[in-house]
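*Asks:* Have a look at this one before I ask anything.
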């Protein structure tokens, strides 16, 4: 599952890079950043250095493969748009759940562990957007971070009830996936400040 | 004082978020980032992990409260604009002073400690601006970073004279506050390069 | 050589700052960021804290000198544009080579060491571009990161053949320099995705 999440995140970064007219190198960088930056940021904040995505080469290899795929076959990827959205949502849940468990392991209090779990899920996409000079989409209305947060909170609930990670992980990932896909299908948005421009 | 600074910084981030039409989640993220990122960056650079704002939940709680306030009562906040400016300037001084002391404690040389102190003060606002896709305001003319630097240098002077932090801190924060408020009142700016566009 | 690279990188950051109409402080920040951020990022990811550019004050001093120079004598710097390009390319090679060696020393696998070496070279310029709210130029077509990567790979080849750093470093830096200068002279670009806007 972790590999699937990495691959899906890398694909979403690479597709954005090709759409912005970046060169091959830029596309590969965006693929790696989107896939790895959330976990790297989590590990830096926990003091778990070097971060997993730097200490081992598998994230780089997967991201490079996804980047080359997106670079060479962009029309194909565009056709499987909903598959990419699905895997991206699954990856979000995976990263949120594993990030929360890792933060708890490092002794963080439950609310901060949930925050770091959510950050593991959304950090890569935020840096991807910063590097393409746009306001991170996650700050602008879709149910995305909230889905990651829901998975993180379910992990906390599981820990509080003394359930083992093997029991809690899949339902928590499923919750994130479901929230994300339903919100896309129904066009659910978070409220924006009612007083804007008044 | 530290809480006041955190609250004021969070408020300034949240207000910017509502003005940019961000959703509730985006506003809360901007509030936390503005309040905490300077100190987090300082702690990462010092190797003091997990950073204070991650290890304890109080910054998150204060930033969330400020974010909800700004989200719900934006016109009210807008009316107290000068109060926000005042607390923001106070927060800047607090973070610069405590940041400089912390860097000295970790063994940094005086000039680098002053740099990290200044960064503690201005880092949150810089990341806030990066996340809203604009050039950080602190790089563009106002007396802001310089006020933080003045407070940091006063801390260095106090250490050099062997004065205790309890004696030096308040005057240093006051210096930053005074510099910032006077420069706003009088429209003081830093010079820009005279040769621009020639 | 390390000092030359730091100075050239700082100059390139400072020149961009003056062109964007930043104030003196902003110009100095951009100079320091461009010169030091790549190495700081590398050290954070390796867990080598505080990073060299924070623990010692020489990068700050050199960057400040370069920033003041660019601020005061911008037309002069503009006249020596090709000298700045040359030193920037040399600095890129120096940082890529020393970064790769440092990452190997900290036990990273060869491909990840090359990645961190390249990041040491390009990270400063990327953050400079993020702070001026533009897409990093390194992602957009020129042979820049690839030149750094070539130097990093030559380091790996040297290690694999058991050659000492003193023998390998200069040729590797020369390779980066040559690749960069030839690509500028001939207008070589990396390919962009062929399917853009289709």
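The backbone N, Cα and C atoms fix where each Cβ goes, and this holds for glycine too.
Predicted automatically and left uncurated, TrEMBL annotations should be read as such.
These came from TrEMBL, pasted as-is:
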{"type": "DOMAIN", "residues": "C:1-73", "note": "domain 'Glycine transporter'"}
{"type": "TRANSMEM", "residues": "C:21-41", "note": "transmembrane segment"}
{"type": "TRANSMEM", "residues": "C:53-71", "note": "transmembrane segment"}
{"type": "TRANSMEM", "residues": "C:83-101", "note": "transmembrane segment"}
{"type": "DOMAIN", "residues": "C:86-157", "note": "domain 'Glycine transporter'"}
{"type": "TRANSMEM", "residues": "C:113-131", "note": "transmembrane segment"}
{"type": "TRANSMEM", "residues": "C:143-161", "note": "transmembrane segment"}
{"type": "TRANSMEM", "residues": "C:167-188", "note": "transmembrane segment"}
*Asks:* Which range wins on Cβ pairs under 8 Å with the transmembrane segment (C:83-101): C:21-41, C:53-71, C:113-131, C:143-161?
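*Replies:* Stretch with maximum Cβ contacts: C:113-131.
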*Asks:* So if I exclude everything within five residues of the ends of the transmembrane segment (C:113-131), which remaining residues of that chain have a CB under 8 angstroms from its CBs? That is, six or more out.
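*Replies:* That would be 9, 12-13, 16, 29-30, 33-42, 45-46, 91-93, 95-104, 137-138, 144-145, 148-149, 151-153, 155-156, 176.
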*Asks:* Sort out the residues at least 6 away from either end of the transmembrane segment (C:167-188), same chain, that have Cβ-Cβ distances under 8 Å to it, and list them.
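*Replies:* Distant Cβ neighbours of the transmembrane segment (C:167-188) are 1, 85-86, 89-90, 92-94, 96-98, 101, 121, 142-144, 146-148, 150-152, 154-155, 158-159.
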*Asks:* Express the predicted model's confidence over the domain 'Glycine transporter' (C:86-157) as a mean pLDDT, rounded to an integer.
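*Replies:* Averaged over the domain 'Glycine transporter' (C:86-157), the predicted model reaches a pLDDT of 91.
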*Asks:* How many helix, strand and coil residues does the domain 'Glycine transporter' (C:1-73) contain under DSSP?
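*Replies:* Across the domain 'Glycine transporter' (C:1-73), DSSP assigns the residues as follows: 60 helix, 1 strand, 12 coil.
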